[in-house]
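Taking it in order: structure first as structure tokens, then the write-up.
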Amino acid sequence: MPKPRKRLAGAAGPTGPDNKGPAGKRTKTKNPVGTSATLGNSSPEKTSASKNCGKNLSSYWLMKSEPESRLEKGVDVKFSIEDLKAQPKQTACWDGVRNYQFTNGLCSGQCLHTSLGVLAKARNFLRAMQLGQEAFFYHSNCKEPGIAGLVKVDVQFVRMMKRYITLAELKTHYQAHKTTGGPLKNMALFTRQRLSIQPLTREEFDFILSLEEKEPS
């Protein structure tokens, strides 16, 4: 079980290179920054981003977290959807916007500028979140990255997906939709890959939910 943590003003799930597989048990995140996002009910509300964003955002989100154990400065950053489901009231504080996530894979000359810019975007999205908004819980940095379930944003478990929707499947639709103008044509998962919290349009959210009822393409 995770240690009790102070509720923070700022929350984002860990992210990283999408290359390992789902699993899950314990909550531990670190180096919190920004402002907290908390959800209490299930009906979506329209939201405006902070003045740093300067425009209206969707009421739907995708939040990345790592389902496999990995130590960062002695702290296990693992937190799967199964871990969330096991929490008291199936709710946990999302407190992991971390600098190291955004510098991974960048050369030293561009690290600082790029990481600060991406971190600022993630924090702005956190500030834009409103009560009742829904998000996909995305397993990243694992063997088979993908969407594992639905949550409400201080993050509360809603349900597991009827089937695991993999990154590979989403990418197939994204590539097709870029040509056809389909719902995922501008999906941030592919256009803003480094963000641990990403906005979704209603069209994107509904399309991904519809995939639950279909066999993987």
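Each residue, glycine too, has its Cβ placed from N, Cα and C.
Features as listed in TrEMBL:
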type     : residues : note
COMPBIAS : 30-52    : compositional bias 'Polar residues'
DOMAIN   : 59-104   : domain 'EVE'
DOMAIN   : 118-153  : domain 'EVE'
REGION   : 1-52     : region 'Disordered'
Per-region confidence, the domain 'EVE' (118-153) (mean pLDDT, whole number): 88
The domain 'EVE' (118-153): DSSP-derived helix, strand, coil residue counts: 11 helix, 14 strand, 11 coil
